[in-house]
Amino acid sequence: MSAKSVAGSPRTVAYGDWIITFGLIAIMAGAYTLSLKWPANAAFFPRLLSAVGLILCLLNLGALIWQTLSPAPAAVPARAGGGHGSDDVQLVEGDEDQGNEDEFHKIFTRADKRMWGSVVSWIVFFFVGLYTVGLLVTLPVFTVLYLRIVAKASWLVCLLYVLGTAGLIYLLFDLLLHLPLPEGVFPILGS
Amino acid sequence: MLDAVLSGLLQVLSPDSMMLMMIGIFIGFVVGVLPGIGGPVAMALMLPFTFGMPPIHVFAFLLGMKVVTSTTGDITAVLFGIPGEATSAATVLDGHPMARKGQAGRALGAVLMSSLVGAIIGALALGLSIPVIRPIVLAFGPPEFFMLTVVGLIFIASLSRGQMLRGLIMGCLGLLIALVGIDPQAGVPRYAFGQLELWDGIGIVPVVIGLFGGPEILQLMLSKESIAGKSASRKIVGVGQGILDTFRYWKTVAVAGLIGAGIGVIPGVGGSVAQFIAYGHAKQTSKHPEEFGKGSIDGLLAAGGNNNAKDGGALIPMIAIGLPGSVSTAILLNAFLISGLNPGPEMLTTHLDVTFSMVWITIIANIIVVILALPLLKPLARLTFTEGPILVPFLLILVVLGAYAENNRMFDIWVMATSAFVGVVCLRWNWPRAPLLLGAVLGDLCERYLFLSSSLYGWSWIQRPLVIVLAIAAVAILFKTGWDVRKHARDRQAASLKEVRS
Amino acid sequence: MAGTFFKQAENGRAFAPAKGLSTLSLVAALALVPLTAARAADECAFFKDKTVELVVPFSAGGGFDAYGRMVAKYMGDELGAANMIVRNQPGAGGLLATNQTWAAKPDGLRIQLIAASGMIAAEFGGAAGVAFKTNGFSWIGRVSGEPDVIATGPDSPIKSLADIAKIGGERTVRIGSTGLGSPQYITARLLATVIETKSQVITGFSGAPEVFASLGRGDLDLFASSLSAAEAAEKAQTARTLWVFGTEREPSRPELVPLSEVVDAKFLPLITVQASVTAAGRALAAPPGIAPERLQCLRDAFDRTVASTAFLDESRQLNRPVEPLSGKRVAELIKTATEGAPKEYLDLLHESFTQ
């Protein structure tokens, strides 16, 4: 969840692609290296897959380099002809195949630093809360704060919301299924 | 045999079993909406309540609950884009885009009805296979299972949405993820980094929930809009249309159901592969393959029709030889043993009525859930018009609990969060996610069955007739996909050239 | 599974403690009775209004889980606790939960149903990730300890050791197993050793049902599994049971010959130790270092639970045979099994776990 994205210019898209490609190259190379220590039969599949994955990632890297080096004609929407055989299709911005995922892509691309910052902080807040004090505390605190600050909901809505979710969870997890709920490392409530 | 069919029906219709089935349906309805908790987890936790019940009551309760969770899990998948199980991920691919276009009502109607049709097909497949059930089940061994995983993996290509190279890379990554854990050949913990939690591998449920649910929640937080967006009309229409769609595209639904029931028979591999085969097949035969992934009604119908049909198929090897086809059937198998029944020939002779009762329960419970759910679809569809931020805390809790419930451990929540991060990165930079999921589902199965085949048969397994048939099918699908991709690319290139010239 | 319902575990087991020792402990126990009883009563009051967690190291819905839930249902009341809840903590074949119980606060509020045989094997095989000493747990009692049996396919020609040797003369005898290091793998390896012919252990099956399916298909020759699993497979006509993996006959299946009578006498120590490890079965334990009085409370509550008609009725109704054994006997059993293991056995365990 990098906060560095600005608008959806082709350059920034490529910038993310570089990082992903290098990240995947590192993962594949690491996976291959780790597999060297294992006995042959255990290592066969991981080694095969990481090797194939590594080659594919390098191909993708090649495609990226090609794409950067060859000046894209500004007027042509489809920067076709880059790289390797079948993957030339992928480089098209706003590919018609993408539908819903494309919509998500647009939302993620358009969001500015400030928006990413605020969303990421909320999520970090939620998970840190979950980790430290567990669900029973995090649920009402996060819900009320988020609903008040972001959704601008009234106190009544917050109250009903928290009671509703907590009630549902209690009914399902405690009464019906007898399932434990995630507890934090410093539980305040519960056992 | 007809006696058993009737006796099975009468026993299911007895007040006691109907009562228990209704309770099971009610629980399944509520629990099924929660991703990750619906299917096997709910059944496992409800199993103790069946202690001491007669067999048909046990199945009325458990099987009734199971079929309902499959259906209601699809509701969450359509509305919020979070699949309930790895075996129903295909529903998200088209169901959720429809909801985002403001067609939640139609999508829900279609998924509900196609699930019912699929369930009936699955149940009939179970009923009709009874005379030949054992030879069929015994004809499939590790080599056939392996070939089926290969067929499944080929669908990585068609799930790559025209980004073949990236799709293949994500597929490789998914396959590697599936290999995490103690390996079955040498007992080495692979990619476990000293974490005991990783020894049994990475749970697929947290991965699915994170991969699909994570971006959805983040998207709501960023856009602050409702799921259906501002542009869509606020009027909820189309539940009826969705139901009609099921019958308009009856062929798609029927074929998807048959694929589900047929491939669902294969233990372990069946459920997860069947959905992609059904979905891929629908795409290849559709008049509008370009709409797949964007809210295609045939895509959704194929996923829905397949989903409940495979449950019927998965019962077949369990009844025939006591080999459960899925996690849920493994729990049903336990229910069998607990209630003193023994899978195998007994189920086809002395307890044939119980076997048929399972067919009836599947059909009746599915009909009941459609009747119960219909009036709820409109209010549920309205949720997609609720302001995004209002839904966020609820959805966050949903994904956290869904990831946590299976094994009751924090670790799975981190797996879910990591998958969510991967999902967001994929969408932000246009990398396909579905191949990752497919790889993660099939990787270890593919490896295990390949090694089992070669240690059981040497290389001679390649000559088995069913293996050859599956291999031909695999090659055919591969060619067809390649052909489609090429044709598609050429068409588009032509179109864009035209655009530039004009 | 009919007929294998609970039976007194004491009969027919080879590990009765030395008589002198038991007399001595009896005297000691008698001397301490008034004091211990009073303190135990105090200690038992501790559980009042408390929730005791019974950890099951496998997923909900399985056979192991059913035993855990059966015990929890009745033992909470016997203990006087407000509640006894089952918590499933699957992972690493049970090691994850067992490690955590080993390190847990020994207050008696977390107890675990341990797959004792698997844990002994993992510990003595030097498996990576084992952070406990099976011997060190505060054993509360055994719930079940069914023996392993050896099965072949329903249509297989195998009826005797000679038949196996005959197959071994023509081709490799195939023995099915789940993954390396699993309890089934160890029995498969032992089986491969004692049949003394060309054989191969085929690993990678996902579980006993899959092995039995292969057995039924005729892909495999032999498989060693728990008695109840083999009986289910017999009913499904995917297996035919040959021998008991042990030195004594199983009362519920008297026609099955013990393996020790089938194979060469030199393997007796190997079979004996494996049978005693298997007999440790599914047992309830608290973390090490629990106060003796509190352990006594738990043991008493367990003994009362497994003796109660309600519990036994349920076990019979659910086809979950129980073979209760007191905590003290379990501890002794595990001590004997672990201390008396022949080197050959330990070597085999090592091979099964360390790479």
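Glycine is no exception: its Cβ is also placed from the backbone N, Cα and C atoms.
Keep in mind that this is a model prediction, so the values were computed, not measured.
The annotation domain 'DUF112' is assigned in TrEMBL to B:18-438.
Taken from TrEMBL, the feature transmembrane segment covers B:20-47 (among others). Within its own chain, the transmembrane segment (B:20-47) has Cβ neighbours under 8 Å at 12, 53, 57, 60-73, 75-77, 82-85, 205-206, 209, 213, 326-328, 330-332, 334-335, 338, 361, 364-365, 368-369, 372-373, 398-399, 401-403, 405-406, counting only residues six or more beyond its boundaries.
Annotation comment: TrEMBL describes B:107-130 (among others) as transmembrane segment. If you look at the transmembrane segment (B:107-130), the same-chain residues 6 or more away from its ends with a CB under 8 A from one of its CBs are 1, 5, 67, 70-71, 74-75, 78-79, 91, 95, 98-99, 136, 238-243, 245-247, 250, 253-254, 256-258, 260-262, 264, 295, 297, 300-301, 303-313, 315-316, 319, 348, 352, 355-356, 358-360, 362-363, 366-367, 370, 373-374, 377, 380-381.
Marked as transmembrane segment by TrEMBL: B:136-157 (among others).
Residues or ranges marked as transmembrane segment in TrEMBL: B:164-182 (among others). Same-chain residues lying 6+ beyond the ends of the transmembrane segment (B:164-182) with a Cβ under 8 Å from its Cβ atoms: 153, 156-157, 188-192, 198-202, 207, 426, 430-433, 435-447, 485.
Residues or ranges marked as transmembrane segment in TrEMBL: B:202-222 (among others).
Tertiary proximity for the transmembrane segment (B:315-338) is limited to same-chain residues at least six positions away from its ends with a CB under 8 Å from its CB atoms, namely 39-40, 43-44, 47, 50-51, 55, 58-59, 62-63, 66, 87, 125-126, 129, 133-134, 136-138, 264-268, 270-271, 344, 347-348, 355, 358. The feature transmembrane segment is assigned by TrEMBL to B:315-338 (among others).
Residues 8-9, 12, 21-22, 24-25, 28-29, 59-60, 63-64, 67-68, 71-72, 75, 105, 108-109, 112-113, 115-116, 119-120, 122-124, 126-127, 239, 308, 311-312, 315, 319 of the same chain sit 6 or more residues outside the transmembrane segment (B:358-377) yet have a Cβ under 8 Å from a Cβ within it. TrEMBL lists B:358-377 (among others) with the feature transmembrane segment.
Marked as transmembrane segment by TrEMBL: B:389-405 (among others).
Counting same-chain residues at least six beyond the ends of the transmembrane segment (B:411-429), those with a Cβ under 8 angstroms from any Cβ of the stretch are 170, 195, 197, 202-203, 205-215, 217-218, 399-400, 402-404, 436. Look at TrEMBL and you will find B:411-429 (among others) tagged as transmembrane segment.
The feature transmembrane segment is assigned by TrEMBL to B:465-483 (among others). Using a Cβ-Cβ cut-off under 8 Å and counting only residues 6 or more beyond its ends in the same chain, the transmembrane segment (B:465-483) has close neighbours at 139-140, 143-144, 147-148, 150-151, 154-155, 157-158, 280, 284.
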In this predicted model, the domain 'DUF112' (B:18-438) has a mean pLDDT of 87
